[in-house]
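Colleague: Heads up, here are the entries from TrEMBL:
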- TYR183: active site (ACT_SITE)
- ASP223: active site, proton donor/acceptor (ACT_SITE)
- HIS344: active site, proton acceptor (ACT_SITE)
- ASN52, GLU81, ASP223, ASN225, ASP343, HIS344: Mg(2+) binding site (BINDING)
- 1-12: compositional bias 'Basic and acidic residues' (COMPBIAS)
- 47-344: domain 'Endonuclease/exonuclease/phosphatase' (DOMAIN)
- 1-44: region 'Disordered' (REGION)
- ASP312: site 'Important for catalytic activity' (SITE)
- HIS344: site 'Interaction with DNA substrate' (SITE)
Amino acid sequence: MKRFFKPIEKEGSTAAKKPCLSPEKRDGDRDGVEEEEKNQKEPSKFVTWNANSFLLRVKNDWSQFSKFITDFDPDVIAVQEVRMPAAGGKGKPKNPEELSDDTKVLREEKQILTRALSSPPFGNYRVWWSLADSKYAGTALLMKKCFKPKKVYFNLDKLASKHEPDGRVILAEFETFRLLNTYSPNNGWKDEENSFQRRRKWDKRIVEFLNKTSDKPLIWCGDLNVSHEEIDVSHPEFFATAKLNGYVPPNKEDCGQPGFTPSERVRFGATMKEGRLVDAYRYLHKEQDMESGFSWSGNPIGKYRGKRMRIDYFLVSEQLKDRIVSCKMHGRGIELEGFYGSDHCPVTLELSKPSSETEQNHVSN
């Protein structure tokens, strides 16, 4: 049977690689394209998206998302909530870097994802996976093949062989900066479920990571599961007083909607200060935008209808803030226009390129 999709190349493959081209340049002057590729050594256009099951998005909303990617032409796509299990099982060690194909169903699902990511425009990207043992959480990083990170890690401790539990981290290191893609754990509703402690531990480890990696600027993106200020939620009073079946946490600092509790917001602000990070979206957009100023939207049915939060971010080191060209959320309205089936919409970041080699060296120092 004729194959219509080219498999994703594995690391170390000697197969010919497609050039890193913008759509409008694919049929243009090759000499000009080669010169641009030579000059652009590191990515500058990024997308982050909590897909809320990558497989479901491929099955149901892929043409719309593919058009979005074609139009924006990002260098890097960071995905959270992949929700595909890691390879291994039945006595075999788990491999969080590979999609599972241990059953007929999983083999079919892996084939669907592989085909989707081998077809335009995604065939021009290399993929890194960090997956949980079950269909839970997980992250992915898609990067144009013309960009070569020095190293890719899967945990906050920068140990190449160790993956963060639930596949929550992918860290790519480049010559002049690091890119961190995380699916931060939800704070949860009840202390008795240990969710509060889990989030506190995560936040502490993030600060430790920032302190250990301050030698280079950082771009931190993903679903960070927190709305920092009142301007970052559509209904501050609703989220501040939200309860789960009447349960009230013993500490006031843990009351309210997970992601908008006083303790989370204070820690998030302290983390940004400690890491000298700038919220790229808020840096450009000072006012609240009720139509397209939020990245997560509640279920269209029930009390969360029309209630929205901004919990997906690009945080960049202060050294990079003057290079922020744009940072946008690409969903709007309570009808989830531009969410492509997820309850999160994609967020994009575009940086200007360093104006000179001298400036690039200065940033890295």
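Placement of Cβ uses the backbone N, Cα and C atoms for every residue, glycine included.
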Colleague: Note down the number of other Cβ atoms within 10 Å of the Cβ of the residue listed as 'active site, proton acceptor', including every protein chain shown.
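Modeller: Counting Cβ neighbours of the residue listed as 'active site, proton acceptor' within 10 Å gives 25.
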Colleague: Given the recorded positions GLU81, ASP223, which one has the fewest other C-beta atoms within 10 angstroms of its C-beta?
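Modeller: With the recorded positions GLU81, ASP223, fewest surrounding Cβ atoms within 10 Å: GLU81.
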Colleague: Hey, of TYR183, ASP223, ASP312, HIS344, which of those recorded positions are within 10 Å of ASN52 (Mg(2+) binding site), Cα to Cα?
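Modeller: Qualifying among TYR183, ASP223, ASP312, HIS344: HIS344.
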Colleague: Which chain neighbours of the Mg(2+) site, leaving out ASN52, GLU81, ASP223, ASN225, ASP343, HIS344, have a Cβ atom within 8 Å of the mean position of the site's Cβ atoms?
Modeller: ASN50, ALA51, GLN80, TYR183, TRP296, ILE311, ASP312, SER342
Colleague: Quick one: give me the count of other CB atoms within 10 A of the CB of ASP343 (Mg(2+) binding site).
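Modeller: A count of 19.
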Colleague: Relative to the Cα of the residue listed as 'active site', which of the recorded positions GLU81, ASN225, HIS344 have a Cα no more than 10 Å away?
Modeller: GLU81, ASN225
Colleague: Whole-number Å only: compute the distance from the Cα of GLU81 (Mg(2+) binding site) to the Cα of the residue listed as 'active site, proton donor/acceptor'.
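Modeller: Rounded to a whole number, the Cα-Cα distance is 9 Å.
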Colleague: Near the residue listed as 'active site, proton donor/acceptor', which recorded positions out of ASP312, ASP343, HIS344 have their CA within 10 Å?
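Modeller: If one measures from the Cα of the residue listed as 'active site, proton donor/acceptor', the recorded positions that come within 10 Å are ASP312, HIS344.
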Colleague: Within a 10 Å radius around the Cβ, which one of these binding-site residues has the most neighbouring Cβ atoms: ASN52, ASN225?
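Modeller: Of the binding-site residues ASN52, ASN225, the most buried by Cβ count within 10 Å is ASN225.
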Colleague: Which residues does ASP312 (site 'Important for catalytic activity') neighbour through Cβ under 8 Å, counting only same-chain ones at least six apart?
Modeller: THR48, TRP49, ASN50, CYS221, GLY222, ASP223, LEU224, SER295, TRP296, MET329, HIS344, CYS345, VAL347
Colleague: Enter the number of other CB atoms within 10 angstroms of the CB of the residue listed as 'active site'.
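Modeller: That number is 26.
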